Amino acid sequence: MLQEKIIIRQLGLQPYEPVSQAMHQFTDEREDTTPDEIWLVEHTPVFTQGQAGKAEHVLMPGDIPVIQSDRGGQVTYHGPGQQVMYVMLNLRRRKLGVRELVTLLEQTVVNTLAEWDINAYPRPDAPGVYVDGKKICSLGLRIRKGCSFHGLALNINMDLRPFLRINPCGYAGMEMTQVSALSAGANPEAVQPRLVHHFLALLNNPPRGIYQRLRLSLLVALLAATFNRYAICRFTFHNGLFIFSAPE
């Protein structure tokens, strides 16, 4: 069936703005029968500021340009050695919700990193994927006419120092990590095909428990907000664990 077809494009190393413009044009011009696409790209150094971004989180950009983006989330950094995967999907046609897509993307990264013996996990309080409390993958999406664009950025073998010039995703002091720091010899050429493989496997046949985890995460986030607001107890999330403590 046409709606099950998905086109994979490998764009190599590209500046952010031309790719962003092409992604918007594709989304604006696509029709109900247009096949979905996945774009794989590494960007030249750039900070992108999401819709929720605040200027104070860009600390000292220096010679790296700051570009406003219409994706969700706040500021992040893209550079060579980071695998970006843009997902242009007709969610309405696939009967897929936004939160379900986020969960699929996070689980894609978790499954991919497991091949490198890396124990990664998502956090219900902050989208993305983490290892030992450090962020290894950022997510940012936008939905237009029932279709998704933007996607994920997985740190593989890159210069992480530019992240020190910002508060990544709006979190002061957020530590970043990458695949090569946890598994010797990792590079985008090796990780890229496995990332696509795991995403397509989940997209075409999501395991039963993945959406149960989504519902649990939403429930936990709601309980956390309630507990913290009314000082019933202090609720935090650290290194993949939920932590309850006495109110301050």
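Cβ coordinates are placed from backbone N, Cα and C, and glycine is handled just like the others.
Note that TrEMBL annotation is computational and uncurated.
For C169, the entry in TrEMBL reads active site, acyl-thioester intermediate. In the shown protein chains, 22 other C-beta atoms lie within 10 A of the C-beta of C169 (active site, acyl-thioester intermediate).
DSSP assigns G73 (substrate binding site) to coil in the three-state reduction, placing it in neither a helix nor a strand. All protein chains considered, the CB of G73 (substrate binding site) has 23 other CB atoms within 10 Å. Residues or ranges marked as substrate binding site by TrEMBL: R71, G72, G73, Q74, V75, T76, Y77, H78, S138, L139, G140, G151, L152, A153.
Across the domain 'BPL/LPL catalytic' (32-207), the model assigns an average pLDDT of 94. Residues or ranges marked as domain 'BPL/LPL catalytic' in TrEMBL: 32-207.
Around K135 (site 'Lowers pKa of active site Cys'), a 10 Å sphere centred on its CB holds 22 further CB atoms from the protein chains shown. DSSP assigns K135 (site 'Lowers pKa of active site Cys') to a strand segment in the three-state reduction. If you look up TrEMBL, you'll see K135 marked as site 'Lowers pKa of active site Cys'.
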Checklist outcome for this item: Whole-Å Cα distance, K135 (site 'Lowers pKa of active site Cys') to C169 (active site, acyl-thioester intermediate), is 10
Checklist entry - Should L152 (substrate binding site) be counted as helix, strand, or coil on the basis of DSSP? => result strand
Item to check | Assigned conformation of C169 (active site, acyl-thioester intermediate) - DSSP reduced to three states | outcome: helix
Checklist outcome for this item: Cβ atoms other than its own within 10 Å of the Cβ of V75 (substrate binding site), all chains, total 27
Checklist entry - If you count Cβ atoms within 10 Å of the Cβ of R71 (substrate binding site), leaving out that atom itself, what do you get? => result 22
Next on the checklist: On the three-state reduction of DSSP, what should I expect for G140 (substrate binding site)?
Outcome noted: strand
